Amino acid sequence: MKVIVDNKIPYIREAIEQIADEVIYVPGKDFTPELVQDADALIIRTRTRCDRSLLAGSKVKFIATATIGFDHIDTAYCREAGITWTNAPGCNSASVAQYIQSALFILQQTRGMKLNQMTIGIVGVGNVGSKVADVARKLGIQVMLNDLPREEREESTMFASLKSIAEKCDIITFHVPLYKEGKYKTYHLADKHFFHSLKKGAVIMNTSRGEVIETEALLEALRSGILSDAVIDVWEHEPDIDLELLEKVIIGTPHIAGYSADGKANATRMSLEALCRFFRIETDYRITPPEPKNKLISTATYEEASLMIYDPRRDSDALKSHPGLFEQLRGDYPLRREEGAYRIVITK
């Protein structure tokens, strides 16, 4: 079995080399029709577009993307060509929730927001959105949920309309997949009409897909004061991001909200397990990320502990200083562990 692997997928080399006869590692942008021609499987990230132009005439039978999102895979073509594909749903949901929690603490520290007096609207309540809701409730924030597909499927009254969330929420965070058309279209879900309906002084957060928010409408809302702040991890036209938007946001990061070592290990494990199931290979290889250098966090408050474990301002400062290095900052992302890897002692 021959497998082509994105060379930035962590913790995969030893495991995949026990499974496959031949493994080739390349940057995600360098997958070509010639390269995949005689491959049996691909393990990719979002930077590799898997469609007819890449796959036509190849031997590829299976594609695993080590990501939650799969809009970079032409699923209709794969179905037509008999190619099985899989993603890694929920792999980095705790990582994104960690990012959002830290961002909320930063807003409280630097903007004087009292989180226990705020209302947050969570748009998209899947694996990630559900964990973000848990975090918000733990911090004493009132939560409103919006998820049209779930609302219709479950016939539930727990969900609010997007209009209601826009009018009532102090903070709105997006956790939806990108659908460019159809009944549940999310492309430019936050457009100028959405921003004009917002509660004045609201904060927007986006860790889903850049195209969910219309960039020019977001910029105008920031310029006019409709929005007080924005936390942006995903951007339209990545890696060629809007520099004015980067300058205006309180936190702007290079699509790394889900990049904890724990989330990456989950994604790699899920991709390998799916590969083994498809090709009927037995393996018991375990993937564990490296331990943090200092496992003991001792400080006066949980807020301080959370920001000692992960402070997104470090990633934001790096991107604002070097916006042209978007891809490099993603690809060379340093070790970041989630809260469960530490022993936290609150001394106050």
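Each residue, glycine too, has its Cβ placed from N, Cα and C.
Here the structure is a predicted model, which means the values were calculated and not measured.
So that you can see what the record holds, here are the features copied from Swiss-Prot:
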{"type": "BINDING", "residues": "Thr46, Thr67, Tyr259", "note": "substrate binding site"}
{"type": "BINDING", "residues": "Asp147, Asp233, Gly258", "note": "NAD(+) binding site"}
{"type": "ACT_SITE", "residues": "Arg209", "note": "active site"}
{"type": "ACT_SITE", "residues": "Glu238", "note": "active site"}
{"type": "ACT_SITE", "residues": "His255", "note": "active site, proton donor"}
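Using CA atoms as reference points, the recorded positions Thr46, Thr67, Arg209, Asp233, Glu238 were checked against the residue listed as 'active site, proton donor', and the closest is Asp233. Taking Asp147, Arg209, Glu238 as the recorded positions under consideration, the smallest Cα distance to Thr67 (substrate binding site) is found for Arg209. Separating the Cα atoms of Tyr259 (substrate binding site) and Arg209 (active site) is a whole-number distance of 15 Å.
Here the CA atom of Glu238 (active site) lies 11 Å from the CA atom of Thr46 (substrate binding site). Rounded to a whole number, the C-alpha distance linking Asp147 (NAD(+) binding site) with Glu238 (active site) is 26 angstrom. Counting in whole angstrom, Asp233 (NAD(+) binding site) lies 9 from Arg209 (active site) by their C-alpha atoms. Of the listed binding-site residues, namely Thr46, Thr67, the sparsest CB environment within 10 A is found at Thr46. Reported as a whole number, the C-alpha separation between Arg209 (active site) and Glu238 (active site) equals 10 Å.
Residues Thr46, Thr67, Tyr259 make up the record's substrate site, and a Cβ search at 8 Å around their centroid adds Arg45, Ala66, Ile68, Gly69, Asn92, His255, Gly258, Ala267 from the same chain. Annotated pair Glu238 (active site) and Gly258 (NAD(+) binding site), C-alpha to C-alpha distance, rounded: 16 Å.
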